[in-house]
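Feature annotation from TrEMBL assigns Zn(2+) binding site to His60, His62, His208, Asp296. What TrEMBL records for Glu89, His181, Glu211, Asp296 is substrate binding site. Annotation source TrEMBL lists domain 'Amidohydrolase-related' at 51-397.
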Amino acid sequence: MSILIKNGRIIYGENLDIINGDIYIEGNRIAKVGRGLKLSAEYVIDANGKVISPGFINAHTHSPMVLLRGLADDLPLMEWLQEYVWPVEKKLTSKHIYWGALLGILEMIKGGTTTFVDMYFHMEEVAKVVEKTGIRAYLSYGMVDLGDEEKRNVEIKETLKLLEFIKKLDSPRIEFLFGPHAPYTCSPELLKWVREKANETGKMITIHLNETKREVQDIKEKYGMTPVEFLDELGFLGDDIIAAHGVWLSDKEIEILAKRRVTIVHNPASNMKLASGVMPIEKLLKAGVNIALGTDGAASNNSLDMLEEMKLAALVHKVHTLNPTVADAKTIYKMATQNGAKALHLNAGIIKEGALADIAIIDFNKPHLRPITNVVSHLVYSASGNDVETVIIDGEIIMLDGEVLTVDEEEIINKVQKIVDKLH
Ligand SMILES: CSC[C@H]1O[C@@H](n2cnc3c(O)ncnc32)[C@H](O)[C@@H]1O
Ligand SMILES: [Zn+2]
């Protein structure tokens, strides 16, 4: 398929330059960017008054957790997980996960997300939904063994099953990654197995890391080291690690993360809602750590809106440090786009010739986005997912003028309501 997007304001290249012009897409790549392109295409989109942005990369979520949205608000992490979330998750079947993933992915596409990194269970169902909807995804089975060998073997089996399933799907948009849940739920034996298997297969790893003060204390008591030191001792860390949260980090841990080229995923809404704390963004940036952005699951956010997440990321550090220059709009915007792509070693998150055609077109013909003075600032501080109009993923139009073309939105909303009504 070829697509010509005409007369838009393009957020171009690594430096986010604004160019008024056209984009020509051929197959799944951006072929040309320029003014007044005289090229014929199978599909032409008029982007007058609109902004053409790289699609957003949600680098940490649990897509089916939309089923638990609003279930347990206003609680700290451990109580939230142990007393509310895990008991409900025990009841979830593959059918629940299929419909939950449909709702979660529908929400993400509507908000301009073109790629997401997921960790949950019954992930074969999520893979089916990714295939159907047209989004790009990196999927992991969330492994928890709590030091129990029998449980470890079950988790290993489930992980290898997902790896095989995704291999057989042979989709250019679906990748597998390993998903040990966290150092406090996974034994050293399991973490070592993950590292070895990741080396053998070349697949990446995602994990929750240093999310709460309590977690750091527990790991120190158990292993006599901080979580990052512990993982480094195991030989676990590398540039294939996508670690969610990184809230409670010592200077030494930041140094290790930088040295090992680990990506940290910032999840400001979840960290604020669960009162986990504030990520040390200035120190991480200064050390050169790659920081991507994620929403976490919808039970701790409570939405999957990357535009909203950017605003929260930009604001929380200003109030926390009492310094308005911290976390400026461009820095945050890069976290939601090119830094996520860097973490995934993916040629996306950027508009330039040769990059994957993963694009969000945002309608700026709205009062809250006028006058157009600073496009990136408006996206970070004024826009929300509702302003996204058209989404292209892997060179295919997935949403056009607000309508997702690959699924029936009304059917998904009604079905999810029915299955959740029965669940509680
Ligand atoms: C075993 S699948 C993934 C697992 O993670 C849980 N989860 C969701 N959000 C968080 C978070 O912020 N920290 C730790 N664990 C989280 C989710 O409910 C699943 O059980
Ligand atoms: Zn999470």
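The backbone N, Cα and C atoms fix where each Cβ goes, glycine too.
Overlay of TrEMBL annotations on the structure.
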residue: His60; record: Zn(2+) binding site; DSSP (3 states): strand
residue: Glu89; record: substrate binding site; DSSP (3 states): helix
residue: His181; record: substrate binding site; DSSP (3 states): coil
residue: His208; record: Zn(2+) binding site; DSSP (3 states): strand
residue: Asp296; record: Zn(2+) binding site; DSSP (3 states): coil
Fill in: Binding residues Glu89, His181, Glu211, Asp296 (substrate) - maximum C-alpha distance in whole Å
21
Response to the item:
Excluding its own, the Cβ atoms lying within 10 Å of the Cβ of His181 (substrate binding site) add up to 20
Item to complete: Pop the Cα-Cα gap between Glu211 (substrate binding site) and Asp296 (Zn(2+) binding site) into the table, whole Å please.
Response: 12
Fill in: Among Glu89, Asp296 [binding-site residues], residue with fewest other Cβ within 10 Å
Glu89
Response to the item:
Cα-Cα, Glu211 (substrate binding site) versus His60 (Zn(2+) binding site), nearest Å, comes out at 13
Worksheet item: With respect to ligand 2, which members of the binding-site residues Glu89, His181, Glu211 satisfy a Cβ distance under 6 angstroms to one of its atoms?
Response: none
Worksheet entry | Same chain, 6+ residues apart, C-beta under 8 Å of the C-beta of His62 (Zn(2+) binding site), given in sequence order | Asp118, Met119, Tyr120, Gly142, Asp296, Gly297
Fill in: Between His208 (Zn(2+) binding site) and Glu89 (substrate binding site), the C-alpha gap once rounded to whole angstrom
18
Worksheet item: Around the Zn(2+) site recorded as His60, His62, His208, Asp296, what other same-chain residues have a C-beta within 8 angstroms of the site's C-beta center?
Response: Thr61, Met119, Ala244, His245, Val265, Asn267, Ser270, Gly294, Gly297
Response to the item:
CB neighbours within 10 A of His60 (Zn(2+) binding site), counting all protein chains shown, number 29
Worksheet, complete the sentence: Among binding-site residues His60, Glu89, Asp296, close to ligand 1 by Cβ (under 6 Å) are Glu89, Asp296
Worksheet item: How many other Cβ atoms sit within 10 Å of the Cβ of His208 (Zn(2+) binding site)?
Response: 27
Worksheet item: So how many other Cβ atoms are close to Glu211 (substrate binding site), meaning within 10 Å of its Cβ?
Response: 26
Fill in: Cα-to-Cα gap, His60 (Zn(2+) binding site) vs Glu89 (substrate binding site), nearest whole Å
18
